[in-house]
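Peer 1: Before anything else, here's the structure in question.
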Amino acid sequence: MSKLLLVDDDIELTELLSTLLELEGFDVETANNGLEALQKLNESYKLVLLDVMMPKLNGIETLKEIRKVSNVPVMMLTARGEDIDRVLGLELGADDCLPKPFNDRELIARIKAILRRSASPSNNISNVEILSFDGITLHFSHGIATYNEENLNLTDYEFKILCLLLKSKGNVVSREELSLEVMEKPLTPFDRSLDMHISNLRRKLPKRKNKPSWFKTLRGKGYALVT
């Protein structure tokens, strides 16, 4: 049974969602603000559902604090039409963003998709335990990436993007392939979430000696590892 942390200041909605999630077989704990969520945060949670608009500490600030100490998958619950919240959430390392009001079945489907990915970091991407390149090492059994033995603190999406690029050995990996393999959905014209995850990955990777970057963008084609 997967344990979830649901964070929302709307007590009535929290109770309704808790009931829904428990009927789907999840073990749900709740928090009504960001400070309470941070106090409860521990390694036993498989996913955090995090509302944006909350008193004391809003969802964006709470996400920042979570990412300082944990790579637990986070789904942001945003107000419909508030694109800035969605963009900020993805930039700060959220795994997904779902606008309110949402369809119950879509919420459950997205939660299960995130849990599938996080449960198997090497799912459909690699059948080896370790993959190394120029100081970077991917540890598939733990789903972590290190550089010179220092944890890069990548999210699940960032880890899988880096894995595909390292395995490509300099060949182009299309945006369509990244979307299907990493996010398990086809690429759509106006969805910029993949670009946000790639941008976050670039920021987390250290500077390379004698080379401008770890991977390059090929306009209209995709991305390729700089070997």
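We number each residue from 1, going along the chain as drawn.
Each Cβ is built from the backbone N, Cα and C atoms, and glycine gets one as well.
Keep in mind that this is a model prediction, so the values were computed, not measured.
Pulled these features from Swiss-Prot for this protein:
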DOMAIN    3-115  domain 'Response regulatory'
MOD_RES   ASP51  4-aspartylphosphate
DNA_BIND  128-227  DNA-binding region
Peer 1: Tell me the residue counts in helix, strand and coil for the DNA-binding region (128-227), as DSSP assigns them.
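Peer 2: Going by DSSP assignments, the DNA-binding region (128-227) contains 33 helix, 24 strand, 43 coil.
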Peer 1: Among all protein chains shown, how many Cβ atoms are found within 10 Å of the Cβ of ASP51 (4-aspartylphosphate), not counting that one?
Peer 2: 25
Peer 1: To what whole number does the mean pLDDT across the domain 'Response regulatory' (3-115) round?
Peer 2: 90
